[in-house]
Amino acid sequence: MEDKVFIQLRNVNKTFDDGFVAVRNLNLDINKSEFVTLLGPSGCGKTTTLKLLAGFEQPTYGQIKINGIDIKDMPVHKRPFATVFQDYALFPNMTVYNNVCYGLKIMRVPKENTDPKLAVEAENIKKEAEKKAAAKIKDLSRKKNDLSNKLDKIRKEYEKNDWMLENDEMRFAQYQEELIKLEAQLSEAYEQSEINKLNQEIVELKTNYQKKIPIDNRYDKVLKELENADGWTSYWETYPIMKKEHFENKVLTRRLTKKEIEERANNMIKLVGLTGKEDKYPSELSGGMQQRVALARALVIEPETLLLDEPLSALDAKVRKQLQNELKRIHKELNITFILVTHDQEEALSLSDKIVVMSQGDIEQVGKPNAIYDSPINEWTAKFIGAANIFDGKYLGDYKIELNSGDIIDTDEEYEFKKGDNVRVLIRPEDFDVVEKDQGFFNVEVIKTSYKGVLWEVECLMSDKTKIKVDNIDEVKVGAIVGLKFDEMDVHMMRKEEEDV
């Protein structure tokens, strides 16, 4: 795999008209030929991020770079992407073969035996366009700098009022939502002290928001101007490429021949396992087969990147597993960049070279699957990515941790932790070994067992009444006192969140 940055997202933000921030100052590098998964719960911003890449949504601000060039102003059909959707989006009146051929009929390839002077002319057109673009970008850079300074001055006005600073992103929709919530609480309040408190909060909300409105209006106006200037910067960055491409399409490229279309379509149909289904209509196919058609239609036009928007979520477990294996195989064979959106942790862990864990519009952690699973950066990621036992403890130094139960355990990691730091400790259920009483690092009482088909899920109680879950091959009797062992490498420390300290 090429270790070369291909796609860069820089300070990408998407705020909708109602004030909802779907993606917040997102920064991400994606390498050429990498299989990257955007993983997170519903509403975390992963699908919005994919739409921003594809061009179906425009960022409020920020840069989306391909090979160093900001493409956020580039039309959808000009971007080096193809998208596979969750609902397949097949043409119901076309056969499998015609669905796959659809993009090939407008695809262009280089002409053979062209005059070399035409290629030189194309480069000259690009160079002239680059000169023009450079001058425009320079002017826009000065304008953006002035606008950024204006925004900084307006931000300082928010800082004069603690309420405004805390609620700087609040606009009318959020204000109404907060007001309705407080009024609903007031209508249900009985005690006079609570009624007085809520009335005071409502008065403060109304007063502070009225003071904030003129500042918001000035801020939003300048921000809009900055976004517009940023959009034009993106336009001029892609301008030389577009000018060259326009010339090449007229004199240096051609449409595919009927024979070439047939050959490419048949090869792709074979690659995705649709041989024999060419004359079927989508309505005659299972969900899994329809998704294969959607995959073939996207890949046949030879995109540099394939965007996958939860393509397997509507399929049953068996078919989903089969298609996961197919995706992995196809990615390996084609060696192009795949970007997958999913909420399925197992899917992300099994398919990805890199996982991007998202929550509430922010990136929580980026890393290889094993790093995300074994060394999550915080408790939220640890619990989201898989079953997790989280203990409170104190780092004693010398790779030793004292749990709140009083038990002292070893770890093989230290990172930035110092002696005396309060920590969260992660041990996955599968990392425990059940042994005889007093033969482990500490004893626990078995309070519940459940057979999961391959392993027993054993729920235990520690001496400080902390509940933990253990995966075990053999059944353990409820009420038994057993010992638990684990390897030092399976003990992962996380910093305590500020509100927990």
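The backbone N, Cα and C atoms fix where each Cβ goes, and this holds for glycine too.
Pulled from Swiss-Prot, these are the features on record:
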type	residues	note
BINDING	G40, P41, S42, G43, C44, G45, K46, T47	ATP binding site
DOMAIN	7-385	domain 'ABC transporter'
REGION	108-254	region 'Insert'
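Features per Swiss-Prot, on structure.
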{"residue": "G40", "record": "ATP binding site", "Cβ contacts under 8 Å, 6 or more apart": "K46, H343, V357, M358, S359, E364, F384"}
{"residue": "P41", "record": "ATP binding site", "Cβ contacts under 8 Å, 6 or more apart": "H343, S359, F384"}
{"residue": "S42", "record": "ATP binding site", "Cβ contacts under 8 Å, 6 or more apart": "H343"}
{"residue": "G43", "record": "ATP binding site", "Cβ contacts under 8 Å, 6 or more apart": "Q360"}
{"residue": "C44", "record": "ATP binding site", "Cβ contacts under 8 Å, 6 or more apart": "M358, S359, Q360, G361"}
{"residue": "G45", "record": "ATP binding site", "Cβ contacts under 8 Å, 6 or more apart": "K14, A22, V23, R24, L26, M358, Q360, G361, D362"}
{"residue": "T47", "record": "ATP binding site", "Cβ contacts under 8 Å, 6 or more apart": "D309, E310, V341"}
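Note on the region 'Insert' (108-254): DSSP counts are 126 helix, 5 strand, 16 coil. Of the chain residues outside the ATP site list G40, P41, S42, G43, C44, G45, K46, T47, H343, M358, S359 have their Cβ within 8 Å of the site's Cβ mean position.
The DSSP secondary structure for T47 (ATP binding site) is helix. The 10 Å shell around the Cβ of K46 (ATP binding site) contains 27 further Cβ atoms across the protein chains shown.
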